[in-house]
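**Student:** The structure that follows is given in the form of C-alpha cells.
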Amino acid sequence: WIMGHMVNAIYQIQEFVSLGANSIEFDINFDTDANPIYTYHGVPCDCFRSCLHYEYISDFLKALREHTLPGNPKYKENLVLFVFDLKTNSLYDSQAYTAGQKLAENIFQYYWANGEGMPVSGYLVISIPNLQHYDLIKGFRETIKAKGHNELLDRVGYDFSANDNIPDVENAYKKVGVVNHVWQSDGITNCISRGLTRAKEAVSERDGGGVINKVYVWTIDKYQSMRDALDANVDGIMTNYPNILVEVLKEDAYKDRFRLAKNYDDPFVTFEG
C-alpha cells in the first residue's frame, strides 16, 4: 500500500493518486462537543510540506465518495484505502464514545450516502492517537449497527497511532471486542529518523496470528528508508512522495516480492505469500 500523507485538500486527492498512491491519509479535527469539523493538520507538520490545507468534513467525504463511486467521472479505480487520522487529543477521554458516534454519522451520511444507491469501493481505517480513546471504536460501530447497516463495518478497520507498546494496544482492542480489521502504524514525522524495531515487532505479531492484520510505517520519504521498510516486510508505507516508492518497488530486490494492492484486495486480511 502506497499511502499518500496529509491529503487534506480535495484537489490533492487527484494529485496523490496520479503520483501512484492507492491509499490516502488525512487529518480530522473535532470541536469541543466532539463533532468532526474539518480536515486540517496545522503547524508543525512534515518538513517540506504545507500544513494549512483544509476542507469541511462534509465536502471532503462527498469528494471521497465521488472518487470511489464506479461510474462517476471522478472515479479512481486504484484508490482503495482511506486513513482517517483523528485528532482526538483535544478531547476529554469521556468524549471518545461521542466522537465515534458523530464520526460514524458523518461518514454514513456523506460517504455512504445513508446506505442508499450504488456502493462505493473504498475501505476506511479509523486511526486513533490515544489508547484511552478506545470507546471511539465502540461508538462508531454501535452507531452504524443502529442504522441497520452492519455490512458497512466489513469495510472499516482500526489503528492506534501513538507508538504504544504492542501488548497495550492489544488490550485496548480487547476492551471493545475488536478481534480483526487491525492496522498497526509505527512512525514519526519525516523531519526525524526512527528505527524499525517496533515495526518489526508488529510484523512478528501479525505473522504470529495476533490481532494485527497489517503494518504500516510513516512518514517515509527517502529511497533507502523505503527499502529498509520493505525489507522489514511491512504492508504499507505512508509517504509524501508516492512516486519515489513506485520507483523503489520496481527495483530488482522488490519487483517480484511486492505488488500494489488493488480494489479487489481486502485490506483487512493478513497477506500470506
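A Cβ is built for glycine as well, from the same backbone N, Cα and C atoms used for every other residue.
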**Student:** From the list C45, C47, which cysteine is recorded by Swiss-Prot as disulfide-linked to C191?
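**Tutor:** Partner cysteine, according to Swiss-Prot: C47.
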**Student:** Say Swiss-Prot lists E25, D27 as binding Mg(2+): which of D85, D93, D135 is in the same site, per that record?
**Tutor:** D85
**Student:** If I take the alpha carbons of C51 (disulfide bond) and H41 (active site, nucleophile), what is the distance between them in whole Å?
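**Tutor:** Counting only the Cα atoms, the answer is 6 Å.
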**Student:** Residues other than E25, D27, D85 within 8 Å, Cβ to Cβ centroid, of the Mg(2+) site?
**Tutor:** H5, M6, N8, F26, I28, T39, H41, V83, F84, L86, S127
